[in-house]
């Protein structure tokens with residue numbers, strides 16, 4: 001339950017005006033407003049940029065209110081984002097920017113559009129939610145996603161050339177400094193459940209807790225379909241059939257037909273068959289629900305890859321940017337093969353996304369959990385290297401995580417989490433999963449090393465809890481990234497696992513590795529880590545809300 005007594009202004013006052021701040025060396029040239037702004041900014045990652053963003057407030061003698069400082073920092077970020085949008089709109093004209101990889105410029109434009117949209121939503125959440133911890137958690141999720149968008153875009157621009165490139169990089173750096181400052185100033189979400197009394201409810205369906213954006217007729221469908229999609233009324237859905245017996249023969253046609261910015265669930269029943277298409281669900285296609293006939297008969301397949309010139313981001317067979325996306329009983333695969341390197345089957349950069357009883361199959365970089373809050377229940381996920389990666393806040397429950405045999409000379413590694421700052425509310429949590437090897441890998445496990453994860457970025461965060469770990473996982477458990485950075489800043493944790501690969505006596509001795517206790521593990525449950533009690537009940541999918 002949200003803490004109604006939570007007050008942003010009060011907490012920020014405590015955060016920034018402690019006795020240590022009052023002892024901050026007095027500077028005669030600063031008026032009281034400047035002193036307050038300096039105290040606020042010195043706690044941010046980029047104090048100079050922060051102070052610059054507050055100059056207007058100081059110059060017109062706005063009362064030194066921490067909430068107003070935070071909103072002004074966000075307004076500055078939004079203003080700088082507008083300038084960056086203008087630069088991006090002219091990119092690619094007259095060869096002022098030449099892509100090194102197909103889709104990298106469009107990636108930037110799309111991701112920055114998402115950032116700008118969610119900056120506005122963050123401001124609204126903070127203005128309206130000073131007493132609502134859940135709205136503040138939403139704002140933190142939005143800003144964490146924005147920082148992930150920056151990293152993805154700059155990675156794509158690395159291989160680009162042209163006179164506009166340095167201007168774009170500078171504009172990105174300026175804009176996202178203010179976003180980073182805003183995120184650091186927002187208080188972290190306080191625990192909504194007492195771990196000592198909350199317990200765990202197995203197979204929980206909180207069907208009474210529907211968010212405002214789920215309409216009543218969707219309540220009825222989701223409740224009726226909780227034990228099987230076959231109980232819904234086909235007249236209330238769009239039907240896709242590869243054999244021509246539906247409303248559409250491709251999934252893309254159904255997505256295009258679906259209304260934009262829908263507050264209703266848009267139900268798309270995908271009949272059994274093979275759908276060879278790259279599907280993009282853009283930000284304005286909200287609340288799309290894909291329902292298959294079963295992951296053994298309904299297939300979405302594609303073969304884009306980095307090896308063929310695509311960006312990792314653009315290589316996805318199914319790409320989801322629309323909030324509220326759900327899928328069940330479907331197989332999503334990328335058939336490019338291990339020799340094509342990064343080749344994504346599913347990419348998700350949208351909030352409140354959940355998948356149930358799906359299969360996600362590929363080799364390197366199978367599942368790109370890019371950003372926002374995501375949930376996967378009873379899914380089978382296959383791959384070789386970094387096959388669950390990205391910077392979402394994501395929980396996997398009851399999933400089979402299956403490592404496949406890589407190319408000769410390679411090792412297998414399941415996760416590559418890319419949290420870039422300690423302020424980001426992101427990470428990978430696996431609970432009650434089974435970590436397994438395919439038959440050919442298992443038979444070669446004495447020759448091929450296999451690991452639970454490695455740190456893609458400095459503050460990488462991954463935990464494995466209450467899960468079965470088979471013996472193919474190396475005793476060290478975790479692998480370094482090239483060069484061995486981030487070993488003291490990452491957070492890798494294990495809690496109450498079982499199976500022959502779960503023994504921790506030979507685990508890495510890095511400062512960032514933890515054998516977790518109950519309370520630490522509780523922080524990575526669906527309720528705490530992805531605010532699951534606020535939205536998972538609307539999906540009809542089962543979930544466990546504790547340890």
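Residue 1 is the first one shown; counting continues down the chain.
Here the Cβ of each residue, glycine as well, is placed from N, Cα and C on the backbone.
Pulled from Swiss-Prot, these are the features on record:
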| type | residues | note |
| --- | --- | --- |
| ACT_SITE | 365 | active site, proton donor |
| ACT_SITE | 386 | active site, nucleophile |
| BINDING | 312, 342, 454, 456 | substrate binding site |
| DISULFID | 379-399 | disulfide bond |
| CARBOHYD | 131 | N-linked glycosylation site |
| CARBOHYD | 247 | N-linked glycosylation site |
| CARBOHYD | 260 | N-linked glycosylation site |
| CARBOHYD | 303 | N-linked glycosylation site |
| CARBOHYD | 432 | N-linked glycosylation site |
| CARBOHYD | 443 | N-linked glycosylation site |
| CARBOHYD | 523 | N-linked glycosylation site |
| REGION | 31-185 | region 'Pectinesterase inhibitor 12' |
| REGION | 237-533 | region 'Pectinesterase 12' |
| SIGNAL | 1-23 | signal peptide |
| SITE | 364 | site 'Transition state stabilizer' |
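Everything Swiss-Prot records as a feature, shown here on the structure.
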{"residue": "303", "record": "N-linked glycosylation site", "Cβ contacts under 8 Å, 6 or more apart": "334, 335, 336, 340, 343"}
{"residue": "312", "record": "substrate binding site", "Cβ contacts under 8 Å, 6 or more apart": "306, 342, 344, 365, 368"}
{"residue": "364", "record": "site 'Transition state stabilizer'", "Cβ contacts under 8 Å, 6 or more apart": "338, 341, 342, 343, 383, 384, 385, 386, 387"}
{"residue": "379", "record": "disulfide bond", "Cβ contacts under 8 Å, 6 or more apart": "355, 356, 357, 358, 359, 360, 396, 399, 400"}
{"residue": "454", "record": "substrate binding site", "Cβ contacts under 8 Å, 6 or more apart": "386, 413, 415, 416, 460, 478, 479, 480, 481"}
{"residue": "456", "record": "substrate binding site", "Cβ contacts under 8 Å, 6 or more apart": "386, 389, 416, 417, 418, 481"}
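Of all the recorded positions listed (260, 342, 432, 443), 260 has the fewest other CB atoms within 10 A of its CB. Rounded to a whole number, the distance between the Cα atoms of residue 432 (N-linked glycosylation site) and residue 443 (N-linked glycosylation site) is 25 Å. Spatially, by CA atoms, the glycosylation sites 247, 260, 432, 523 include one closest to residue 131 (N-linked glycosylation site), and that is 523. Around residue 365 (active site, proton donor), taking its Cβ as the centre, 27 other Cβ atoms fall within 10 Å, counting all chains.
In the predicted model, residues of the region 'Pectinesterase inhibitor 12' (31-185) average a pLDDT of 90.
The glycosylation sites recorded for this entry are 247, 260, 432, and the Cα of 432 lies nearest to that of residue 523 (N-linked glycosylation site).
Distance noted between the C-alpha atoms of residue 247 (N-linked glycosylation site) and residue 260 (N-linked glycosylation site) is 18 Å. In three-state terms derived from DSSP, residue 443 (N-linked glycosylation site) belongs to a helical segment.
For residue 523 (N-linked glycosylation site), the Cβ neighbour count at a 10 Å cut-off comes to 16, with all displayed protein chains included. Residue 260 (N-linked glycosylation site) and residue 432 (N-linked glycosylation site) have their C-alpha atoms 37 Å apart, to the nearest angstrom.
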